[in-house]
Amino acid sequence: MTMPTEQDRVLIFDTTLRDGEQSPGATMTHEEKLEIAELLDDMGVDIIEAGFPIASEGDFAAVSEIAMRSKEAVICGLARANVKDIDRCWEAVKRAGKPRIHTFIGTSPLHRQIPNLSMDQMADLIHDTVTHARNLCDNVQWSPMDATRTEHDYLCRVVEIAIKAGATTINIPDTVGYTAPRESADLIRMLIERVPGADEVVFATHCHNDLGMATANALAAVEAGARQVESTINGLGERAGNTALEEVVMALKVRNDIMPYQTGVDTSKIMNISRRVAQVSGFPVQFNKAIVGKNAFAHESGIHQDGMLKNPQNFEIMRPEDVGLAASSLPLGKHSGRAALKAKMTALGYDLADNQLADIFVRFKELADRKKEVFDEDLIALMGAASEAHDRLKVKFLRVICGTEAPQSADLTLTIDGVDQQVTATGDGPVDATFNAVKVLFPHTARLNLYQVHAVTGGTDAQATVTVRMEEDGKIVTGQSSDTDTVVASAKAYVNALNNLIVRREKTKPEAI
Ligand code: KIV
Ligand code: ZN
């Protein structure tokens with residue numbers, strides 16, 4: 001057996017917190033970003049792109065704190081091609097054990113028109129900005145944005161300039177998801193062959209999924225010599241998303257016979273982080289999504305079930321345990337005890353203290369009384385609800401009257417700072433009536449810009465997870481809750497978002513002088 005060499009090692013660069021968070025509606029709170037960064041670091045991701053420090057005070061604060069708390073991973077921040085961006089980025093990442101500045105500019109004919117620079121002017125700017133970044137940090141990544149639509153001669157010229165100016169990683173983005181596997185490979189091969197100094201840097205591939213080819217394009221680039229793959233958890237990202245981290249890592253693991261490359265990712269942590277990213281971004285994972293979809297390891301048809309019982313390899317190319325799915329599919333029910341619940345929660349990646357277990361056990365029993373079977377997804381949803389215990393606003397009672405005749409009405413009691421307050425309000429449908437009732441009891445000016453319902457398990461007694469996103473004076477907050485009753489879940493999610501807004505208002509309040 002031959003041992004893997006450095007040449008076989010593919011670095012995994014995660015940009016969930018930058019490119020992923022950039023997708024419309026996927027904004028995460030500061031605390032959520034810290035938590036995702038910690039999970040990425042723990043799972044063995046090599047480089048975490050933690051944000052775009054100049055974009056906002058919030059982004060700067062998140063990148064700085066992620067840098068300070070980082071353990072093994074390189075912490076990277078994004079910067080446009082100007083000194084102000086690069087300085088701000090360095091300020092944010094410099095406290096990391098391993099900091100990196102990532103600076104970029106659009107080099108294709110279309111993108112060159114944005115700053116309105118000639119080819120020569122842009123080449124000079126690349127030289128100056130990469131040099132500036134390299135004077136601050138010895139780990140500099142440079143990206144020619146829209147590289148896959150850039151003239152080859154010009155791409156070779158600017159890549160060479162960036163390498164000479166001190167870039168240590170050259171990232172080749174397929175910004176608009178336009179390339180295809182053979183072309184993706186040819187482009188990397190062409191750069192490695194033609195650009196002087198190419199053997200001294202790491203080439204990275206950064207693909208978008210507009211044509212559904214992001215993973216295939218990234219793997220083709222690896223086969224041609226790229227040794228860093230840029231990706232996001234669940235493929236989150238602008239438009240149709242980025243290359244999905246879990247797909248690349250599992251493809252390299254399962255098909256190591258034909259793609260003999262290693263990553264440092266502990267694949268058993270994939271499901272846990274996938275669920276957390278889905279929860280905090282408010283972007284549910286599609287049921288049939290490769291690796292992390294709810295149905296990725298489900299076998300419904302009789303022929304498949306029979307084959308699975310005889311030998312799982314008949315229909316599974318990966319073991320569920322390899323991606324961190326609890327191997328046992330034995331559902332919990334109302335007769336299950338505390339020990340079974342604890343074991344299940346541990347298998348799902350939750351390390352619960354005794355008081356947390358006691359709290360979740362009460363909620364589990366209440367749910368088990370209403371549902372025949374309690375599935376993994378129900379328990380994960382319950383964990384979200386448990387964190388609502390310390391909120392200032394709580395839904396105490398809700399009854400809606402709906403039917404074919406409008407308007408629908410909601411009779412709601414909210415506990416606000418420990419005091420019960422009641423109102424009846426009407427609206428266009430039960431959810432609208434409920435939200436109107438909340439607004440009467442807790443007036444606010446926040447605008448609702450997302451309302452999303454997702455059934456977490458099957459059947460008419462399924463739990464619904466509702467996600468709402470609101471905005472007030474530029475502060476974006478998300479609320480999420482689950483219940484077997486969709487309107488109750490909606491009320492709780494709305495109230496959860498308001499509680500998060502109260503916390504945000506406190507944090508961003510100007511300090512008293
Ligand atoms: O897609 C893209 O081009 C990017 C760059 C900033 C690297 O995300
Ligand atoms: Zn991108």
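Cβ atoms are placed via backbone N, Cα and C, with glycine included.
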> H206, H208, N242 bind Mn(2+) in TrEMBL, but which of D19, D417, D420, D428 does that record place at the same site?
Replying inline: D19
> For the binding-site residues D19, H206, N242, which sit with their CB under 6 angstroms from an atom of ligand 1?
Replying inline: D19, H206
> Among the binding-site residues listed here, D19, H206, H208, N242, which has the most company in the form of other Cβ atoms within 10 Å of its Cβ?
Replying inline: N242
>> Please count the residues of the region 'Regulatory domain' (394-513) that DSSP assigns to helix (H, G, I), strand (E, B) and coil.
In response: 35 helix, 53 strand, 32 coil
> Around the Mn(2+) site (D19, H206, H208, N242), what further same-chain residues have their C-beta within 8 angstroms of the site's C-beta centre?
Replying inline: T15, P173, D174, T175, C207, A214, E230, S231, T232, G237, E238, G241, T243
